[in-house]
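What TrEMBL lists as domain 'Radical SAM core' is 115-271. The [4Fe-4S] cluster binding site feature in TrEMBL is assigned to Cys120, Cys124, Cys127.
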Amino acid sequence: MKKGLEHYNSVLEGSIEPNYITTQKKHVDIDLDAETEQLWKTHQNPVGDGPHTYLDLKTELAGRILRNCHLCEHRCKVNRLAKETGICNIPAVSRYSSEFLHYGEEPELVPSHTIFFHGCNFKCAYCQNWEISQEAKGGTAVHPTNICEKIVRRKIEGSKNVNFVGGDPTPHLKTILQILNNFTAQIPIIWNSNMYMSTQTMRLLDGTIDLYLADYRYGTNKCAEKLSETPKYTQTVERNLLEAKQQTDVLIRHLVLPGHIECCTKHIANWVSKNLGKNTRFNLMFQYRPTYKAQNHPQINRTLTTEEKDRALDIVMDAGLANLVG
């Protein structure tokens, strides 16, 4: 069993049930037509034996957030139910580009049933999946029951988990909760995300996710704003990573960017070691290649040098992060 992924592995082995099933089984005393403030009070103290489950309540609250969208820290406050769109440009109806058994993830995750949602709340200049992330209205509309059927079929084919990704899954929270509320497979659920969620989204995710596959990219807000157009990046992601660790397992991915070793890689390695622990599963990724709009940023319009890779690895080892992927 890999250190740092004890919960995930226990679900995978069948010794405990996935978090979302536990949340499905928990009933609450609440009328889902109640005022939003009352729904949040019940969410904070979910007790009772009413007809609705805790997952029903989470799904209802996620839907209400769409009226004044603040699922992520951009907090655009648009009414997506009225066809308004914010920075992510994602409408109320989620769309996905593909779903398949992915063998290119971390060893303990493959084969992973990845479901690629269209759209993203980041505008990364170098995005390798820009056809998906920056085209929010492409692909196929998501019908939760249809996705559930695909999940069951992929599990029969050998999937180890369900991996919600994109783009980013955050703008699709209601849809994902609807999916989880329509099946009961003994399989770990992965939230594969840039971790730019609002505090409300993190509260709704609590009790539904078995592993946060967290993309931790930048060590400074300046770098994040320049390359991904995301204000308040470090405080938001670090807040959410601390909360994620309280909820369940976390696996950190850090894509090393050219010219960003000292400002980003160093900060991230030291922060993870100090705040999440030296046994945190950590994937130091050297796959960067300039694509999309990278030519507009000379510093990253190239691949990593051997010296940069060596320096990044030295930094991670000096931080005491020994539980590395690969």
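A Cβ is built for glycine as well, from the same backbone N, Cα and C atoms used for every other residue.
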(request) Give the sequence-ordered list of residues that share a chain with Cys127 ([4Fe-4S] cluster binding site), lie 6 or more positions from it, and have CB atoms under 8 Å from its CB. (result) Cys120, Ser133, Gln134, Thr291, Tyr292
(message) At a 10 A cut-off on CB-CB distances, which of the binding-site residues Cys120, Cys124 has the highest count?
(response) Cys120
(message) Can you give me the average pLDDT across the domain 'Radical SAM core' (115-271), rounded to a whole number?
(response) 97
(message) Other residues near the [4Fe-4S] cluster site, CB within 8 A of the CB centroid of Cys120, Cys124, Cys127?
(response) Phe122, Lys123, Tyr126, Asn129, Trp130, Ser133, Gln134, Gly167, Ser228, Tyr292
